[in-house]
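Copied over from TrEMBL, here are the features:
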COMPBIAS  B:14-26  compositional bias 'Basic and acidic residues'
DOMAIN    B:113-312  domain 'ABC transmembrane type-1'
REGION    B:1-26  region 'Disordered'
TRANSMEM  B:41-62  transmembrane segment
TRANSMEM  B:118-141  transmembrane segment
TRANSMEM  B:153-171  transmembrane segment
TRANSMEM  B:183-205  transmembrane segment
TRANSMEM  B:240-269  transmembrane segment
TRANSMEM  B:294-312  transmembrane segment
Amino acid sequence: MKLKTLMLGAAAAMVMAPAAFAERGSDGEVKIIYWQAPSILNPFLSGGTKDVESASMIIEPLARYNEKGELVPWLVDEIPTVGNGGVSEDLKQITWKITPGLLWSDGTPFTSADVKFTYEYCTHPEGGCAQLTKFEGISSVDTPDDLTVVVNFTEATPNPYGPFVGGESPILQAAQFANCLGANASTCTEQNFNPIGTGPFTVTEFKPNDVITLAANPNYRDPAKPAFATVTFKGGGDAASAGTAVMETGEFDYAWNLQLAPDVIAKMQEGGKGVPVAGFGPLVERIMLNQTNADPALPEGERSTALHPHPFLKDPAVYKAMSMAIDRPLLVEIGYGQAGKVTCNWVPAPDAFNSTSMSCDTQDLEGAKAMLDAAGIVDTNGDGIREKDGVPLSIVYQTSTNAVRQDFQALIKDWWEQIGLEVELRNVDSSVFFGGDAGSPDTFQKFYADVEMYANTFNGTDPQAYLGNALCDKAPRPETQWQGENISRFCMPEYDALWAELSKTADMAERQRIAKELNDMVVMNGGMIPLVHRGRLSAHSNTLGGVILNVWDSELWNVADWHRVN
Amino acid sequence: MTEPVPATPSPIEALKDKEPSKAPRSQWKDVWDQLRHHKGAMFGGSFLIFITLAVLLGPYIWQVDPQKLDIRNKDMRPIYHLLWDSDAKAAWSKPLGSDQLGRDNLAQMLAGGRASMAVGWAAMVLSLLIGTLIGVLAGYFKRLDGLLMRTTDLFLALPILPLLLVAVTLFRQPLRSSFGPEGGMFILIVTVIAITSWMPTARIVRGDILAIKEREFVLAARSIGTTSGKIIRRHLLPNVLSPIMVSAALGLATAIITESALSFLGVGFPSDFPTWGKMLADAVQRMEQFPERVLLPGIAISLTVLSVNYLGDGLRDALDPRIRGR
């Protein structure tokens with residue numbers, strides 16, 4: 001009797017043990033599926049999210065963004081700021097203090113020389129580094145001692161957290177990549193496929209465009225982590241089958257970025273093996289309004305350029321009425337469900353930058369009609385289409401080929417036709433639309449249409465560079481080979497002046513105020529009609545704990561904390 | 001000695017033909033008699049007539065705008081769902097249900113069928129004309145043979161999808177300004193399908209022409225001074241009619257399928273212009289919840305193609321005098 005009780009107690013204790021005292025490798029294997037397969041594990045040679053995120057389990061930056069978009073120290077003890085003296089008063093220098101005692105997975109110490117090497121690796125003049133923008137404006141990186149990194153900028157940089165911060169800018173080991181500088185970078189297959197890192201896992205085997213198997217890093221800084229001994233990271237397939245594998249069949253523990261209609265997700269969730277999780281970054285589905293005339297009768301090279309302003313889309317009554325006619329809550333319900341929110345803003349996140357000056361969550365067809373009537377834009381020839389100065393409000397509405405976007409097109413066309421516009425829909429294969437080929441008339445940069453719909457976002461948490469997309473000189477035009485980020489060709493001198501002020505301001509509250517004002521300026525002056533604030537939807541199995549969906553950094557940022565739950 | 005004269009028929013009588021017991025039959029009557037006994041062809045033909053009439057006349061009877069959104073009545077099930085599930089969201093106002101934006105499925109099927117059939121017929125006729133012309137010229141005129149057949153090989157190597165993407169890029173704007181967005185795209189799709197599908201017809205026709213032009217009756221025609229054009233029209237074309245008919249039937253099927261595939265991939269008609277292929281593409285994501293949205297256009301495409309194939313099969317049997325009558 002006593003013996004039995006004792007044995008039961010012992011058995012119970014053994015069962016309880018892993019949960020109570022987690023230790024490295026105690027939870028076996030975790031299976032992750034990304035429906036885009038990684039082809040390389042060196043994020044400096046590939047801009048693809050799949051490559052950046054898979055590599056983030058192995059190599060790490062000095063600091064990361066957490067799920068709220070706040071900086072958290074990663075390989076350092078604290079985030080340098082002006083307040084703690086880590087950032088110089090003139091905003092030209094930032095000093096990182098590396099945590100003492102960090103080891104690479106091969107057992108050698110992690111030093112400031114590795115950080116400096118990473119800078120040299122990416123900025124090598126002969127190399128084609130994909131993350132070069134992270135290192136822009138740096139004059140030098142100094143290493144006064146083994147644990148101190150000083151980054152000097154050529155100009156005052158209010159946001160000095162570009163280099164060595166976030167999953168796109170991790171630290172490479174100098175010893176491993178020493179011979180891979182410049183033109184040799186892409187030939188170092190062994191290094192690019194098996195980077196040595198400080199992260200919780202190390203590569204066991206990497207099959208490009210297929211599977212990565214990883215094992216716990218024996219030299220990881222927290223002896224209790226990671227809870228999983230091995231990771232199987234499968235790439236490829238499509239979003240629907242990845243969602244099914246996690247939520248319906250339970251073959252995998254984590255599926256990334258499920259871009260599926262809400263009813264499809266709900267159906268998968270009924271499988272009961274997993275749950276979807278949503279996170280909101282600054283991704284906004286929007287309609288860009290062309291400020292220039294895209295009339296095909298205009299000669300090539302003048303079409304959709306500042307030479308010919310748009311005949312009616314610059315009229316406040318027209319773009320305001322177009323925005324009022326849209327039922328955004330319905331669009332969210334149909335297209336994105338829990339992965340979408342109504343927004344009137346170009347920059348809806350981080351929260352501190354989200355302007356609250358506009359509201360647009362109710363559709364007002366009658367108000368839109370009245371506004372057009374009041375502006376004298378009425379149907380004069382009885383064909384059901386309003387005219388402004390004799391030009392009928394007839395627009396071409398283009399977007400990329402995607403089921404949700406085509407549904408949106410159909411709905412918005414219907415509403416716009418109700419207020420007296422004529423709408424022609426066009427959808428372009430997304431590889432062409434976003435391909436950026438200057439020779440194709442169908443790219444979103446060329447914008448040979450009156451309005452176009454797509455989504456855009458920015459990396460990190462500071463919208464300064466993103467807000468710079470509405471500057472006059474960023475407009476795509478023939479002289480720039482149709483490259484440029486100011487897709488709607490928005491141009492307002494006041495905007496440019498205010499943006500210049502933003503780039504010189506360091507005070508956070510002031511930056512937020514200016515950024516909101518810039519956001520409002522673009523939306524209220526008809527640069528775009530924001531529609532839906534889109535989140536990212538991933539799914540994890542019910543038995544996987546510790547998942548915190550992070551849209552500001554790699555989704556696998558805290559993979560060291562993942563564990564098995566019952 | 002006079003022998004009795006044997007009773008011989010009068011010479012005039014002997015030269016007279018016997019009266020035909022039945023009225024003469026035309027070739028086409030024979031063909032029809034043969035075709036009528038081919039069950040597959042009869043089924044195929046009547047289904048084809050039915051579906052053609054349905055898409056032509058249907059929109060006048062079922063006067064619902066296929067592009068009309070009715071978001072409150074979205075995701076309705078077909079009326080037959082009420083048979084086993086009395087709570088199903090279904091109503092006689094939308095007999096085949098509605099899609100995720102509340103567009104009426106029946107109206108979309110009719111309008112979509114119109115587009116698909118029109119593309120199918122037009123592309124088939126065009127590819128048949130090109131194929132027959134090239135085949136006859138290559139088979140009859142030896143000088144042209146090498147050149148035309150190498151051209152055929154060249155076209156056989158063209159992949160349709162990249163070609164269509166390039167054609168859309170190059171020609172959409174001019175066609176759109178002259179024929180409107182839907183008309184322009186119709187012409188473009190029909191042309192691209194036609195110029196990528198005439199090659200098998202050309203090869204078959206060339207082969208048959210090569211064989212037939214060496215036969216005695218062609219030699220006889222030539223010896224009395226018949227011109228080449230007359231020989232082709234009077235003697236060769238009627239003899240290659242059966243392979244042409246068969247490739248016509250197959251061509252129609254291919255064209256409908258190609259158009260569906262293009263719509264499925266999102267290349268082609270504006271996204272709110274229904275075709276069977278587009279309906280299929282839109283429905284794939286919700287295949288498990290609303291199987292009818294995949295099944296209806298899928299079955300329509302399959303049955304049309306199948307019926308055309310059966311009809312072609314029957315026509316071949318009926319048009320070939322060696323098979324006819326067996």
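Glycine is treated like the rest: Cβ placed from N, Cα and C.
Through the fold, the transmembrane segment (B:294-312) approaches residues 40-41, 43-45, 47-48, 51, 96, 105, 109, 112-113, 116-117, 120, 245-246, 248-250, 252-253, 256-257, 260, 276-277, 279-280, 283-284, 287 of its own chain, all at least 6 residues removed from its boundaries and within a Cβ separation under 8 Å. Among residues of the same chain six or more beyond the transmembrane segment (B:183-205), those with a C-beta under 8 A of the stretch's C-beta atoms are 115, 118-119, 122-123, 126-128, 130-132, 134-136, 138-139, 148-149, 152, 155-156, 158, 160, 163-164, 167-168, 171-172, 175-177, 240, 243-244, 247, 250-251, 254-255, 258-259, 262, 268-270. Beyond its flanks by at least six residues, the transmembrane segment (B:153-171) meets 188-189, 191-193, 195-196, 198-199, 258, 262, 265, 267-268 of its own chain at Cβ-Cβ distances under 8 Å.
As a summary of secondary structure, the compositional bias 'Basic and acidic residues' (B:14-26) carries 2 helix, 0 strand, 11 coil according to DSSP.
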